[in-house]
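**Q** Below: one structure in structure tokens.
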């Protein structure tokens, strides 16, 4: 999207990023280029911080620390990008998005691997993803076209979703299915708003001029993308944790991992196998309830 002609220059000077979004620059604060696009990144900072603390407390595998860490890095990168609109901060946002999704693909591929083993599993895929991450970074630095980043990131997201669907079909886990439905619904709704922000920017800008100022933040579609997509990605990490430990039931014979606190936590609970995964049939009404609750 081209830079908006009506935007002013603030503390960080003229934007050098290859993208500017629909929020009017420096409208709220002289030191923050896009206020609402900036603070909305708290959804990709606070939850993963909680997730890191929670996984340490519950002694989950170290791999999940890096899952949360990548979300956290993207959150800080996106915050810095929208606060400054500088090219360097744009890279801080966009490169970790691709790297983190590569790591997610890897984690989903090793769900069945023995977590107590010191052998690095699926080394060929890991090497391939490292090469892809480095190769993308080199190409993107040489050819900084936003569509390239969008395409690579989108392909990796599609691969991770396909992996999750495969795990659901294989494990026949009702909890996995519910978590996947909630996560994908949140993410796709956020992606829908992201497109609205891009396609209908002029219309949204005109709308903001005719509504009270206190309502204008609610029209920041890119900020809503941060919130919904960040929430969805966070739940996908919980999905990976649950599917991993559900497969390795030997670690907890009489307990299962179930989501709590509006899918912000996942806890060991005493229950029967039929209450969680295995051959239990997932009730559509229950899935709808969880989805509706998450969107409130």
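Any Cβ shown, glycine's included, is placed from N, Cα and C.
What TrEMBL records for this protein is below:
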- 20, 21, 23, 25, 34: Ca(2+) binding site (BINDING)
- 35-53: transmembrane segment (TRANSMEM)
- 65-83: transmembrane segment (TRANSMEM)
- 82, 222, 226: Zn(2+) binding site (BINDING)
- 95-112: transmembrane segment (TRANSMEM)
- 124-142: transmembrane segment (TRANSMEM)
- 148-167: transmembrane segment (TRANSMEM)
- 179-196: transmembrane segment (TRANSMEM)
- 223-245: transmembrane segment (TRANSMEM)
**Q** Hey, does the transmembrane segment (95-112) touch the transmembrane segment (35-53), meaning at least 3 C-beta pairs closer than 8 angstroms, sequence gap 6 or more?
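**A** The answer is no, given that the two segments have fewer than 3 Cβ pairs within the 8 Å cut-off.
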**Q** Only counting partners 6 or more residues apart, tell me which same-chain residues put their Cβ under 8 Å from the Cβ of residue 34 (Ca(2+) binding site).
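**A** Listed in sequence order: 21, 23, 25, 82, 83, 85.
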**Q** Quick one: do the transmembrane segment (95-112) and the transmembrane segment (148-167) reach 3+ CB pairs under 8 Å, ignoring pairs fewer than 6 apart in sequence?
**A** yes
**Q** State the residues, same chain only, that lie 6 or more residues beyond the ends of the transmembrane segment (148-167) and have a CB under 8 A from a CB inside it; answer 'none' if no residue qualifies.
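**A** Residues 94, 97-98, 101-102, 104-105, 108-109, 111, 136, 139-140, 173, 176, 180, 184, 236, 239, 243 contact the transmembrane segment (148-167) from elsewhere in the chain.
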**Q** Within 10 angstroms of the C-beta of residue 226 (Zn(2+) binding site), what count of other C-beta atoms is obtained when all protein chains are considered?
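**A** I get 27 for this one.
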**Q** Work out how many Å separate residue 222 (Zn(2+) binding site) and residue 20 (Ca(2+) binding site) at their Cα atoms, rounded off.
**A** 11
**Q** So which of 124-142, 179-196, 223-245 is most in touch with the transmembrane segment (65-83), counting Cβ pairs under 8 Å?
**A** 223-245
**Q** C-alpha of residue 20 (Ca(2+) binding site) to C-alpha of residue 226 (Zn(2+) binding site): distance in Å?
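**A** One finds 15 Å between the Cα atoms of these residues.
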**Q** Same-chain Cβ contacts of the transmembrane segment (124-142) under 8 Å, 6 or more residues past its ends?
**A** 91, 94-95, 98-99, 102-103, 105-106, 109, 148-149, 152
**Q** With every protein chain in view, what's the tally of Cβ atoms within 10 Å of the Cβ of residue 222 (Zn(2+) binding site), excluding that atom itself?
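**A** Around the Cβ of residue 222 (Zn(2+) binding site), 21 other Cβ atoms lie within 10 Å.
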